[in-house]
Amino acid sequence: MNYNTREIDVLVDFCRQIYKENEAQLNIINEFRIHYQKETSIWWYTRECFAYRMLNRSLRTFDINIISMMGFFLKDIHNQIKDINSKISKRTGPFVVYRGQGMLNEEFETIRNSIGGLLAFNSFLSTSEDMNVAMKFAQKSAGREGKASVLFEIEVDPALTLTPYASLDNVITCQPKEKEILFSMDTVFRIYEVKEDNDHIWKIKLKSVSDKDLAITRLTEQIRSEIGEGSPIDRLGRLMIKLDEFEKAEAFYQILAESTTTDDKKKYAWIRNQFGYIRYKQGRYKDALSLYQEAMQIQEKLNDGRNLDLATTYNNMGLLYTELNDTSKALSYHEKALSIRERDCDVSLADLASTYNNIGLVYDQRNDFSAALSHYEKALPIYKRCLPAHHPWEATLYNNIGLTEVSLGEHMVGLENLQKARKVRKRSLPCNHPSIASVCNSIGDAYQKIKDYLNALKFYEEAFDVESRVTHVNYSNLALTYYRASKILDNLEQLDKALEYAEVVVKTVDKSCTPNDTDKVRFKEHLEKLQA
């Protein structure tokens, strides 16, 4: 993010309002206004004052307005870390750093239940090579209600760690020298061990992502490239959409909209399209349609119906009409998008492949499974050519191909592709991601169709294990998975366990915010049958 004194003034004015009753902080804020330079960003970050507190809090809570105001500060810290990293002699082997802190019990339990999974730090990560320094910070939170005292023991391999880091021993900071190593944002480690010591401090062992996980680092780079160039606010908006953080995405695009005039028709139309996509993802289809149509009308006039932004809007219209079960309009818009993307030499190959996939989904909805499979098979080699190995989109395509083959009665071939989808998702997604549960359910359904009940049960149980550990549990989906497992157990004449699962089904569906009445009746009838 480029900045000038105006950006510093905006941040300073905001901070003065926040700390208007705190004279000490006001003096520091005035000092910041006069003396701040790019080269002093780490000095300011290590100073116990408003800058450190506001930045960390905004990154932890993803406070969009403050992140936007502090964007120049974020960039300067990151660049200074990179600069220091490039000048120091590289370590030849792994080394260990420590970080002590208090952690909310819910966050700690998530880590404790994710051994073998990945842990990402979304803010700058301050660590020390001196365990005693870190231990003091861990002990500060001992005994606090609702918090766990944790000591991270992190093994860092310089050959594998892509996120820049810097030793601050030879850097002017505002803190005493504590053998501090400062990592830039978005550092990712694998969780290896969680255990409690005799002093009730939880030690969490982390390691750099190993070379077996290089696909994950390539995947991270690919996702960053998918977010695109554009303005920083636009990129943040796209990232929030990708993370399903739709309210935050809308806030970013609202900031962008307020700085865009209707005279800049290309940018204005793009923003309307993005607002439309957010509404679509929120299930507000009428609002989405209105916004898409507004964007489309502007884009068609601008470029005679031949530009990639318009293709994106056509694609989004197709997705919307697919959800509305209007397959004729859905197919029409997807084919318009395909017509533009096939002719444009600047098209993203991933976008071209996704168009074939989306057309396949429409044919699937029409039960024209042969046509659906044909389009999926056009998309697969394109995805393999342009995406890193083990990308989630590749898994989605294997999933769609597998489901379609099962629908065509080719159960074993379909199961093979569904297993490929499961393998990719387990490798590229968090271990509690709903997409893993979804493909496990599909595999269970396929085994159920060929009456292989033991394998069906195995994958249903894997599905509800994942579904019960997601951040926001979808109780309707969880109930449906338990119901499927209960039916299988009934077929296997394991009646006690079938009854146990059926009771869980009825209790679980009652927790759903939007219970399906038809499902509730079906679940209750199944329970009563087993109780009879």
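Glycine residues also receive a Cβ, built from the backbone N, Cα and C atoms like all the rest.
Those TrEMBL annotations? Automatic predictions, nothing curated.
Listed features, source TrEMBL:
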REPEAT    269-302  repeat 'TPR'
REPEAT    311-344  repeat 'TPR'
REPEAT    353-386  repeat 'TPR'
REPEAT    437-470  repeat 'TPR'
Stretch in 269-302, 311-344, 437-470 most in contact with the repeat 'TPR' (353-386), if contact is a CB pair under 8 A: 311-344
Sequence-remote partners of the repeat 'TPR' (269-302) [C-beta within less than 8 Å, at least six residues beyond its ends]: 237-238, 241, 244, 246, 249-250, 253, 256-257, 260, 309-310, 312-314, 316-317, 319-320, 323-324
Within the repeat 'TPR' (437-470), residues counted as helix, strand or coil by DSSP: 28 helix, 0 strand, 6 coil
